[in-house]
Structure formats: structure tokens, C-alpha cells
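What follows is one structure encoded as C-alpha cells, with my remarks underneath.
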Amino acid sequence: MVRKIRIILAFGLYATNLRCSISNIQPTSHGKTWWTQREDLSRKRSWNVESPERLLYKQPSATRGGSDVMAVTPWLAPIIWEETFNPELVDAIYKPMNLTIATTVFAVGKYIRFLGEFLETAEKHFMVDFKVHYHIFTDQPQEVPAVNLAAGRKIFVHQVPKLDRWQDISASRMQMIQTIIEEQVHREADYIYCQDVDAKFHFRWGAETLDRLVGQIHPWYYDLSRDQFTYERRPESTAYIPSGVGDFYYIGAMFGGTVEDVYRLVKKCHENIEADKAKGIEAAWQEESHLNWYLLHNKPSKVLSPEYMWDDQRGKTEVMRVIRLSQILKNYGEVRENV
């Protein structure tokens with residue numbers, strides 16, 4: 001059966017683009033800050049879509065379509081579903097670019113038990129034939145499993161403290177990702193994707209996801225109205241989103257993009273989390289609430305469908321042709337701290 005794709009075009013669009021201030025960035029030996037160097041790289045980066053000669057692939061259709069899924073946001077960002085892209089063509093375009101993709105996962109406390117399966121299935125399905133740097137944040141570096149990695153793929157282990165509350169572990173992610181970008185990732189990677197460790201890859205998760213700023217629609221909210229989203233609703237919080245406002249509810253378990261754009265995101269979210277903390281406020285869903293605020297005001301340039309991070313607890317719905325990565329079934333009361 002052919003997938004029905006709904007495309008909505010919006011005219012006269014406007015979007016507030018809130019840019020966070022970039023401070024405390026030290027100059028390099030060449031007199032430029034690493035941030036300035038990354039900005040220069042971004043301006044010079046070729047965004048041309050160069051297709052190899054004599055590559056044969058199925059002709060795209062401008063007329064086939066219907067109404068079961070949306071393939072373009074109102075601000076004209078693509079929403080990636082199965083059958084909205086040609087994987088052979090995408091790989092032929094992106095693989096010659098010699099890109100490095102960093103990915104972060106947090107395996108703290110009992111969550112270390114999920115790391116082996118995450119890495120083993122990632123090696124089968126995640127950015128296959130690309131250079132990938134796995135950045136593992138854990139309080140138990142000695143428990144990081146040995147995994148056979150393909151050529152050009154590396155594991156970096158970063159020891160972090162074990163915190164008393166799972167909410168604190170969740171909220172600290174933005175700061176830790178900011179720090180690792182400043183200290184290492186900005187020198188080594190073109191893109192960075194931040195994921196949850198309690199997940200398993202099942203199907204291709206590839207270069208079709210690459211873009212400047214990428215968010216993913218939450219698997220439990222893709223078919224609900226915005227007033228059913230669990231945004232932070234208290235005006236006192238920096239993550240506040242009022243009723244009647246919102247595009248999608250984005251999952252905190254997956255976001256990414258170019259290193260410089262993810263840096264802006266995590267830095268601003270960290271600043272807002274600290275501002276809330278100073279007022280004695282913890283957002284409803286910690287960093288996920290702040291992520292949703294950021295992506296409301298800084299529209300993602302690409303949106304991933306729930307295929308790219310599903311929840312096994314929900315089961316497969318009719319709209320899901322494939323499940324590429326899913327959060328595995330588990331007892332949260334047993335694996336989370338202080339539940």
C-alpha cells in the first residue's frame with residue numbers, strides 16, 4: 001500500500017528567532033574563539049545537494065498523496081516518515097561529504113544495563129558507513145561494555161556523578177552536553193544527536209535525519225491537540241507555554257543538528273533551567289519542557305516522525321510503517337533513582 005502524504009504550505013509565515021548570547025568562550029591560539037571558527041565553517045559549508053551521475057532511483061511523484069500523515073510543517077520544514085525519502089539517494093549524497101556525527105547517551109545508575117544493547121544495535125542501524133563518535137556519560141566507566149565498532153567509529157567515556165534524584169540527572173544533561181561541545185566535540189564533529197540509552201535500534205536511522213536543527217515528535221502526542229500537550233503551564237517558569245500555543249510536543253529523548261545549533265540549544269536551556277532553579281521552580285518535565293519552549297521559538301529545520309524514537313509500551317499504531325528506534329519496556333520504579 002502506498003503511503004498517503006499530506007503537505008501543508010503556509011504563506012506569510014513568521015517565526016520569532018530567539019538567539020541566546022554566547023559568553024565565556026575562550027580564544028584559540030589563532031586569535032579566534034572556537035565559536036567564531038564554527039560560525040565561519042557554517043557559512044562556508046556547502047548546502048548544495050549534489051547527486052552522483054548515473055545513480056538510478058525511483059522517480060518521485062508530485063501528485064501521489066492523501067491525508068494520513070503530514071510531510072511538511074507550516075514553516076516548510078520536512079517531517080521525515082518512511083517513503084518520504086529515498087535511502088540510496090540520500091546516502092549517495094551525504095556519504096562523500098566525509099561527515100562525523102557525534103551522539104550522546106547517559107548511562108547513569110541502573111541505566112548502565114541498557115548501554116550494551118543500545119551500542120550493539122546502533123552499530124547495525126545508526127548512521128551506517130558514517131564516522132560516529134559515541135559519547136557515553138556514566139558514573140560507572142568500568143561497566144561500559146566492549147563492543148565491536150566499524151571503521152571510523154569510536155567510544156568516548158565521560159565520568160559523571162550519580163545524583164540522588166532522576167529529575168536532577170535529567171535536568172543536568174543540557175549542561176553536560178554544553179560542556180562536552182566546548183571541550184571536545186566542536187573540534188571533531190559536524191553534527192551531534194542526543195539520545196536516550198534505554199532504547200534499541202530496529203531499522204535504518206540514517207543521513208535523512210541530518211539538518212541544522214532537528215526535533216522529534218513525541219510518540220504519545222503526535223495525534224493529540226496542543227492543549228493536551230504536557231507543556232510547562234506556570235508563567236513563573238522560563239519554559240512556560242500558554243494554552244492555545246504550540247506546534248508539536250517534542251520528545252526530550254532525541255534532538256540534534258549541527259554542532260553550533262545544538263550548542264545554542266543546550267546553552268539556552270541550561271541557562272533557563274538555572275534561572276528556574278534560582279526561583280525554586282522545576283519545570284514539569286525538566287529538560288524536555290525547556291526543549292519544547294526552545295523549539296517553539298526556534299523552529300527546527302527538520303522534524304522527525306515518531307518512527308525515530310517510539311515507545312514499546314504503546315505498541316505499533318496504523319500510521320507507523322516502521323519503527324527505527326524504540327524505548328524498551330522497563331519498570332521505571334526499579335531503574336530510576338528516588339521514584
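Every residue, even glycine, has its Cβ placed from backbone N, Cα and C.
According to TrEMBL, the features are:
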{"type": "ACT_SITE", "residues": "GLU288", "note": "active site, nucleophile"}
{"type": "BINDING", "residues": "PHE106, ALA107, VAL108, TYR111, ASP196, VAL197, ASP198", "note": "UDP-N-acetyl-alpha-D-galactosamine binding site"}
{"type": "BINDING", "residues": "ASP196, ASP198", "note": "Mn(2+) binding site"}
{"type": "SIGNAL", "residues": "1-20", "note": "signal peptide"}
Measuring Cα to Cα, how far is ASP196 (UDP-N-acetyl-alpha-D-galactosamine binding site) from GLU288 (active site, nucleophile) in Å?
12
Using the structure shown, find which entry in ASP196, ASP198, GLU288 (the recorded positions) has the sparsest Cβ neighbourhood within 10 Å.
ASP196
Using the recorded UDP-N-acetyl-alpha-D-galactosamine site (PHE106, ALA107, VAL108, TYR111, ASP196, VAL197, ASP198) as reference, state which further residues of the same chain have their Cβ within 8 Å of the centre of those residues' Cβ atoms, listed in sequence order.
VAL105, ILE112, PHE114, LEU115
Under 8 Å between C-beta atoms and at least six apart in sequence, can you list the same-chain neighbours of ALA107 (UDP-N-acetyl-alpha-D-galactosamine binding site), or say none if there are none?
PHE114, LEU115, ILE136, PHE137, THR138, GLN140, VAL144, VAL197
Cβ-based isolation winner (fewest other Cβ atoms within 10 Å) among the binding-site residues PHE106, TYR111
TYR111
Validating a neighbour-count step here. Other CB atoms within 10 A of the CB of VAL197 (UDP-N-acetyl-alpha-D-galactosamine binding site): how many?
23
Just give me the nearest neighbour of GLU288 (active site, nucleophile) among the binding-site residues PHE106, VAL108, TYR111, Cα to Cα.
PHE106
Cβ neighbour count within 10 Å of VAL108 (UDP-N-acetyl-alpha-D-galactosamine binding site):
21
